[in-house]
Amino acid sequence: MADSSSTTSSTVGQRWGDVEDDPVEVEESTSQTPENASSSSAVEVPNLDALAIDENKKKNDFLDEPEDTHISAVTSGDTLYATAAKFEDLNLSPELLKGLYVDMKFTRPSKIQSISLPMILTPPYKDLVAQAHNGSGKTTCFVLGMLSRVDPNLKEVQALCICPTRELAIQNMEVLNKMGKYTGISSVCAIPSGSADIPIAKSAEIKAQVVIGTPGRIRNLMTSRKLNTSNLKVLVFDEADHMLDDDGFKDDSLKIRRLMAKDNAHYQVLLFSATFNDTVKNFVSKVVKDGNQMFVRKEELTLDVVKQYKVICPNEQAKIDVIRDRIFELGEKLGQTIIFVHSRKSANELHKKLGDYGYGCTTIHGALDKDFRDKIVKEFKDGLTKVLISTDVLARGFDQSQVNLVINFDLPVKHNYPSDPDYEVYLHRCGRAGRFGRKGAVFNLLSVDMDHMLLEKIEKHFGTKIVEVPNWKSDEDFEKALKAAGLL
Ligand SMILES: Nc1ncnc2c1ncn2[C@@H]1O[C@H](COP(=O)(O)OP(=O)(O)OP(=O)(O)O)[C@@H](O)[C@H]1O
Ligand SMILES: [Mg+2]
């Protein structure tokens, strides 16, 4: 079912993740910006002060949170940042504290929050590149960053967050609205809407104080002069490695920065992701030259709380049998499951086959109608559906704490080199389970030689051994695996 011929359509192009966004409407002449102008020069080593994390204090103080043991943070300049043990240490407004405690029901900052929030919120508001594990609470870092910096009396766009998918933009907007409920700060989600979409040229200029959207839409709003960034204080890239990757949205992201440079040079840039491969890391260091940085070693990025397994199936049909006979049956006793497939075609085929066997599930991918996509996600988030088949459109950022089982029906591969695994996407897919320290399991279904080769490469890359489920037909073996993962 790993049909690469159907993965890319003209709307997807070179891009990862089966993404559909606005096509580019207006082309502008390309002027050099500081970041691309410098892209051929050597990486500058900033004047760094190591902010050491005390190894003796590594015991996990946070209730059910993953232990980001070796986040190495380097600060640029003379500012000293104390870590925040409590939200009260961050000088947040009473309205924001109320949102955090009453609506979000948070009790204290996670590790990434306690280290990065002082860096984000302390003048001179340096740029920040922050890497931390999947599910460790990065959204709160940049949402609080945006909400804290907005001047409530200025009815202009002051914070902008760009995300790779509409699903992530909507999700981040929901977090912002909940966390900022008592602040009165206005916000708008800038994504192509479904049936009700009106042409950008006919839409009103955005006056909301916070804008969260997808790159194509943001770019088009800017070129159509419907999004004025002259008062911008914070620019966030969620899933920043993908936003600045050649295979991702690098062109759009740089274009957006170039357009901004025309009327505003003084805003803070915040880049967040669980993954930054070496190429992107190098590039990022040039984009935020004088910023603070936090990185995690790749060997430490897999989540200990999520147990990874491989299931050796004699053929592709056996993979479907595993889903039908083991996953659906055992899944009854678990939370929710996401099954990742390689292409829109394989998503539709798997959906149909399971449906023919009488097993109900829903499917999401980039070719579906936008309103329908939103409905599928809402139903899953509301717990109305238990098993969701997805392309990589939900691989990154999607947050649903009830998901404790991830199935890689097809392993993720690089767009241009299908014999190479996409290591980052593998990690992000696994990270849909085990959110904020919860338990989870991943079953990698293997049949053809290529599957075996890809998984071996993944094991080698992350320096981990993925345990084999001895017999793909044995309920007992699957039960044992789920027990070992702490799920039964
Ligand atoms: N301080 C906190 N206390 C309790 N729960 C928290 C806290 N911070 C975040 N969470 C919860 O943890 C979950 C994961 O957070 P979030 O989606 O921000 O992770 P992430 O780091 O962005 O992960 P990913 O890399 O997969 O996008 C969310 O459901 C969020 O509400
Ligand atoms: Mg996230």
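Cβ from N, Cα, C; glycine included.
Record features (TrEMBL):
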COMPBIAS  1-13  compositional bias 'Polar residues'
COMPBIAS  19-28  compositional bias 'Acidic residues'
COMPBIAS  29-42  compositional bias 'Polar residues'
DOMAIN    85-114  domain 'DEAD-box RNA helicase Q'
DOMAIN    119-294  domain 'Helicase ATP-binding'
DOMAIN    322-477  domain 'Helicase C-terminal'
REGION    1-47  region 'Disordered'
MOTIF     85-114  motif 'Q motif'
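Here the motif 'Q motif' (85-114) has long-range neighbours at 62-63, 65, 67-68, 71, 121, 130, 132, 136-138, 140-141, 144, 147-148, 178-184, 294, 436, meaning same-chain residues at least 6 beyond its ends whose C-beta is under 8 angstroms from one of its own. Remark: secondary structure over the motif 'Q motif' (85-114) totals 18 helix, 0 strand, 12 coil, with classes taken from DSSP. Mean pLDDT for the domain 'Helicase C-terminal' (322-477) in the predicted structure: 96.
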